[in-house]
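For reference, the structure is listed below as structure tokens.
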Amino acid sequence: MVGWAIALHGGAGDIPIDLPDERRIPRESALRHCLDLGISALKSGKPPLDVAELVVRELENHPDFNAGKGSVLTAQGTVEMEASIMDGKTKRCGAVSGLTTVVNPISLARLVMEKTPHIYLAFDAAEAFARAHGVETVDSSHFITPENIARLKQAKEFNRVQLDYTVPSPKVPDNCGDSQIGTVGCVAVDSAGNLASATSTGGYVNKMVGRIGDTPVIGAGTYANHLCAISATGKGEDIIRGTVARDVAALMEYKGLSLTEAAAYVVDQSVPRGSCGLVAVSANGEVTMPFNTTGMFRACASEDGYSEIAIWPNN
């Protein structure tokens with residue numbers, strides 16, 4: 001075994017290269033903080049499942065990412081959050097969607113995995129399950145910020161479902177690349193080759209109430225097995241159609257591709273250009289973070305000393 005490794009993301013999309021410093025720096029700082037948190041946890045011997053949950057919780061608590069506190073609004077001005085988590089060794093997994101009051105959806109997804117015979121709970125039943133297990137909840141107004149109200153207003157004015165960090169067009173007001181559609185995720189592997197993946201999001205601005213994206217769909221936005229762990233981000237419908245996360249693992253399992261080869265093939269060939277990015281680690285400590293969008297907020301580190309925090313290609 002090569003050793004531990006970790007990778008995380010804060011969303012992929014059309015992130016303009018001239019993203020203002022006041023939008024860029026807080027996100028880069030958050031990625032650095034979360035990466036350091038994950039590294040410390042892995043070095044202290046925490047299982048990858050704990051590490052992935054810990055990092056995603058921290059990302060959910062950061063208002064500049066579209067998950068937890070920063071979740072964007074539906075067409076009706078409400079929040080509907082979703083998340084999933086998976087353990088590679090056992091293939092146990094949990095997923096939730098339609099959450100309106102849960103502070104950390106990723107932790108509720110883990111409770112579904114550990115406390116029920118099921119994989120997926122949604123909407124009122126998931127909220128009731130959260131209350132029954134003492135999960136931290138708040139009034140839904142906690143998530144409805146002035147910034148997200150403004151984003152929804154803009155999306156409605158132009159009759160669109162707002163996609164990831166959309167580059168403004170001449171008919172669309174300049175949003176500084178801050179459409180706040182960044183799914184968050186983390187994958188981790190320890191020195192024994194144990195793997196885990198976790199992903200969380202608020203979805204699209206102006207999405208239909210009840211819409212479910214790729215994030216809570218095991219095999220689409222999240223997957224882990226004995227070979228690798230993957231967390232995807234981007235346009236959910238395309239990621240679901242491409243079964244992105246599972247396809248990376250399948251190419252490794254059935255075709256013998258390396259993690260980097262498998263992930264690159266899926267991102268380049270299985271989904272439309274401009275629709276997807278992912279972070280992934282393998283059981284031997286390999287890390288890859290490909291994307292076919294303008295940029296992806298991402299960070300990684302491995303036991304051999306390599307680390308990276310980046311947004312655009314080659315930066």
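Using the three backbone atoms N, Cα and C, a Cβ is placed for every residue, glycine included.
For S169, the entry in Swiss-Prot reads phosphoserine.
Taken from Swiss-Prot, the feature active site, nucleophile covers T183. Around the Cβ of T183 (active site, nucleophile), 32 further Cβ atoms fall within 10 Å across all displayed protein chains. Under the three-state DSSP scheme, T183 (active site, nucleophile) falls in the coil class.
A simple way to gauge crowding: the CB of I212 (substrate binding site) has 19 other CB atoms within 10 angstroms, across all the protein chains here. For the recorded site, I212 (substrate binding site), the DSSP three-state label reads coil. Summarising the annotation, Swiss-Prot assigns substrate binding site to R211, I212, G213, D214, T233, G234, K235, G236 and lists similarity to another entry as the type of evidence.
The binding-site residues in question are D214, T233, K235, and the one with the fewest Cβ neighbours inside 10 Å is K235. Just so you know, of the binding-site residues G213, G234, G236, the Cβ with the fewest other Cβ atoms around it within 10 Å is the one at G213. All protein chains shown were included, and the count of other CB atoms within 10 Å of the CB of R211 (substrate binding site) stands at 17. Max Cα-Cα distance over the annotated substrate binders (R211, I212, G213, D214, T233, G234, K235, G236) is 16 Å.
Between T183 (active site, nucleophile) and T233 (substrate binding site), the C-alpha separation comes to 6 Å.
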